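Engineer: Below are the structure tokens for one structure; questions will follow.
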Amino acid sequence: MDLKQFEADNCGSCRLASLIPDVCRAEDCCLGVDEAGRGPVLGPMVYGICFCPVSKKEELKDLKVADSKTLTEAERENLFQNLDQAKSYVGWALQILSPNMISTSMLQRMKYNLNALSHDTAIGLIQYALDSGVQLKEVYVDTVGPAEKYEVKLSQRFPGIKVTVRPKADSLFPVVSAASICAKVARDRVVKGWKFAEDLGQIDTDYGSGYPNDPKTKEWLLKYLDPVFGYPQFVRFSWSTAHTLMDSKAVTVHWDDDEEDGEKAAERQNNRSMLSYFSASAEADRAQQTHRFFTERRLKSLKSL
């Protein structure tokens, strides 16, 4: 699994895939869909598919694949290697969705919620397998939202393919377990090797599980909250946990309207105006450390025109 493509630009979306086994283009195949990292406030969400000929279902089961959440990291890595070694009849593909892409999608003017994003990503991966020549006859999916509605949606989108959508499908169908392992291994590797675009100095990578209720994750979020610019791109700033911390710990910004003076309006509310951030005294306070927003754009405060 080569992550260089995503690591080169970890603020968008990236697809990775194995080679397509010849047998998957010749025989009827089954395919499983699952994700890793839907809930965390840190890091990407990864969707995965795994596919093999229907005639090889028992051989896939013999690889002892299981729901990735029940396995240790070492066990997942070992099972992924087993899947990779079975490349004569097993194929996989992944879609890595960065935290930045997830948050901007959810907060854009036309709301694009996480369920819709998840559905579209799964559909895109199934379509990728079909476009690659995989002879799909059966698709098994771990549900997002009501299973019955999702199953109808996928069946209408892919007529002629038997679609099965179930809660906890990763513990029911080995081909979904295999997809779960591929997705989880990819997410673990991406999180462990995350390259921060922001200059945060010696970064503390002890951020716990990444889930909002983890004390270590909350502590990390507090430590790396910039009072003006918020969080590094490793954080899903659309999550309520990030929202709450920014509301309570970040600098309050007053957006004045055209009919009143911004400085005076901010003063009345006991806030600082945006203009005060660029004053000479503020410039002196920031002499030791300038945010990358300014350095990347070569911006400097002017004392006179």
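Heads up, the Cβ atoms here are built off N, Cα and C, so glycines get one too.
In TrEMBL, annotation is done automatically, which means it is predicted and not curated.
Not my notes, these are from TrEMBL:
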- Asp34, Glu35, Asp142: divalent metal cation binding site (BINDING)
- 28-251: domain 'RNase H type-2' (DOMAIN)
Engineer: Among the binding-site residues listed here, Asp34, Glu35, Asp142, which has the most company in the form of other Cβ atoms within 10 Å of its Cβ?
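Structural biologist: It comes out as Asp34.
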Engineer: With an 8 Å cut-off on Cβ distance to the Asp34, Glu35, Asp142 Cβ center, who else from the chain surrounds the divalent metal cation site?
Structural biologist: Val33, Ala36, Tyr47, Gly48, Val141, Val144, Ala169, Asp170, Val176, Ala179, Ser180, Ala183
